[in-house]
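Enquirer: Let me give you the structure first, and then I'll get to my questions.
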Amino acid sequence: MRLVLFILLLPVCLATPFHQKGLFDFMLEDEGSADLASTDDPVISGFGPVCPFRCQCHLRVVQCSDLGLERVPKDLPPDTTLLDLQNNKITEIRDGDFKNLKNLHALILVNNKISKISPQAFAPLKKLERLYLSKNNLKELPENMPKSLQEIRAHENEISKLRKAVFNGLNQVIVLELGTNPLKSSGIENGAFQGMKRLSYIRIADTNITSIPKGLPPSLTELHLDGNKISKIDAEGLSGLTNLAKLGLSFNSISSVENGSLNNVPHLRELHLNNNELVRVPSGLGEHKYIQVVYLHNNKIASIGINDFCPLGYNTKKATYSGVSLFSNPVQYWEIQPSAFRCIHERSAVQIGNYK
């Protein structure tokens, strides 16, 4: 009986402990069995491109931000669609830095120390749509930017010139951000933006320009020129902007708006003229068909005319105002005729008072 029991327990004693196999184990096992089956066949690796040291790679997104990098990492995965290099110490973008990145759609270079971009650095990026160059030391935007670009953001640099050649062929750009640069009106070449047929949004805020740039494309729907040194608005500055819906001119030194200027922007819906030197409400608001929001607070407006905001007749079609700000002006609310706001149906839409 003891002999029979010993024979039954012997296989159990000799058995190895159970080990749960993962995917990696099976891959190794398959690789080993393949080697045993044929030693002449080449070994094909199952791993994808190697992620650059200290970077993180996931689903074709390569994140190399906040690493103190002084140059673009080498051997970036060729299937990368988004490359994040922000918050580093990169000083130069060289030819070949982005070789093989034919599928890159977005490149983030924000908050580095970039002062130079080689002429052919972006040449391989045939599908690049978004280029973020803000918070660097660039004095000019580079030429030969990819024709596929739809969005360029380069605020907070040292840009003092905008040449027409830089934007030539950039027919797909929709958004252009160039604020907080030491840019002057004399540094913007006449018609610099004319070739940008799809440009819809442009922001040149907090610079030293003294007038609205000339030759802006008619495709514009938003123009933001806040925080500059513009002293007046003339009709020529807004000429041809028939699709403009939002115009930002706050925090300038504007003291006058030429008669007829608003006729050049017939589809305007928002006008921001707060924090300027205006002494009267801009002419043309009453006859403007679509304007709904007008910011005029923090100016020097001392009186409101009965037809400044509303058309002469009651039967004239006009969009309803949703916001009119007049606070922090010398005009007193009791000096304003109630009929001056006859086309405004909501009392809360008008803000008056608080002048010191």
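Just so you know, glycine gets a Cβ as well, placed from its N, Cα and C.
Annotation source Swiss-Prot lists signal peptide at 1-15, citing similarity to another entry. Look at Swiss-Prot and you will find Ser45 tagged as O-linked glycosylation site, backed by sequence analysis. The disulfide bond annotation in Swiss-Prot covers Cys51-Cys57, Cys55-Cys64, Cys310-Cys343. What Swiss-Prot lists as repeat 'LRR 1' is 70-90. Per Swiss-Prot, repeat 'LRR 2' is recorded for 91-114. The annotation repeat 'LRR 3' is assigned in Swiss-Prot to 115-138. The feature repeat 'LRR 4' is assigned by Swiss-Prot to 139-159. As annotated by Swiss-Prot, repeat 'LRR 5' applies to 160-183. What Swiss-Prot records for 184-209 is repeat 'LRR 6'. Summarising the annotation, Swiss-Prot assigns N-linked glycosylation site to Asn208, Asn259 and lists sequence analysis as the type of evidence. Among the features that Swiss-Prot reports, repeat 'LRR 7' is placed at 210-230. Residues annotated as repeat 'LRR 8' in Swiss-Prot: 231-254. What Swiss-Prot lists as repeat 'LRR 9' is 255-278. Per Swiss-Prot, repeat 'LRR 10' is recorded for 279-301. Swiss-Prot lists 302-331 with the feature repeat 'LRR 11'. What Swiss-Prot records for 332-356 is repeat 'LRR 12'.
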Enquirer: Report the mean pLDDT of the predicted model across the repeat 'LRR 3' (115-138), rounded to a whole number.
Expert: 98
Enquirer: Do me a favour and check the Cα-Cα span between Asn259 (N-linked glycosylation site) and Cys310 (disulfide bond); whole Å is fine.
Expert: 16
Enquirer: Compile a sequence-ordered list of residues in the same chain as Cys55 (disulfide bond), six or more apart from it, whose Cβ lies below 8 A from its Cβ; state 'none' when nothing qualifies.
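Expert: Val62, Gln63, Cys64, Leu67, Pro73 - these are the non-local Cβ neighbours of Cys55 (disulfide bond), listed in sequence order.
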Enquirer: Consider the recorded positions Asn208, Cys310, Cys343 and say which one has the Cα lying nearest the Cα of Cys57 (disulfide bond).
Expert: Asn208
Enquirer: Under a three-state reduction of DSSP output, how is Cys57 (disulfide bond) classified: helix, strand, or coil?
Expert: strand
Enquirer: State the residues, same chain only, that lie 6 or more residues beyond the ends of the repeat 'LRR 8' (231-254) and have a CB under 8 A from a CB inside it; answer 'none' if no residue qualifies.
Expert: 205, 210-212, 214, 216, 218-225, 260-278, 282, 295
Enquirer: Give me the Cα-Cα distance between Cys343 (disulfide bond) and Asn208 (N-linked glycosylation site), rounded to a whole Å.
Expert: 38
Enquirer: Report, as numbers and ranges, every residue of the chain located at least six residues beyond the repeat 'LRR 2' (91-114) whose Cβ falls under 8 Å of a Cβ in that stretch; write 'none' if there are none.
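Expert: The answer is 60, 65, 70-72, 76, 78-85, 120-138.
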Enquirer: Within the same chain, where does the repeat 'LRR 6' (184-209) have neighbours whose Cβ lies under 8 angstroms from its own Cβ atoms, ignoring anything closer than 6 residues to its ends? I mean 6 or more beyond.
Expert: 155, 160-164, 166-178, 215-217, 219-230, 248
Enquirer: Please list, in sequence order, the residues in the chain of Cys310 (disulfide bond) that are at least six apart in sequence and whose C-beta is under 8 Å away from its C-beta.
Expert: Gly286, Lys318, Ser339, Ala340, Phe341, Arg342, Cys343, Ile344
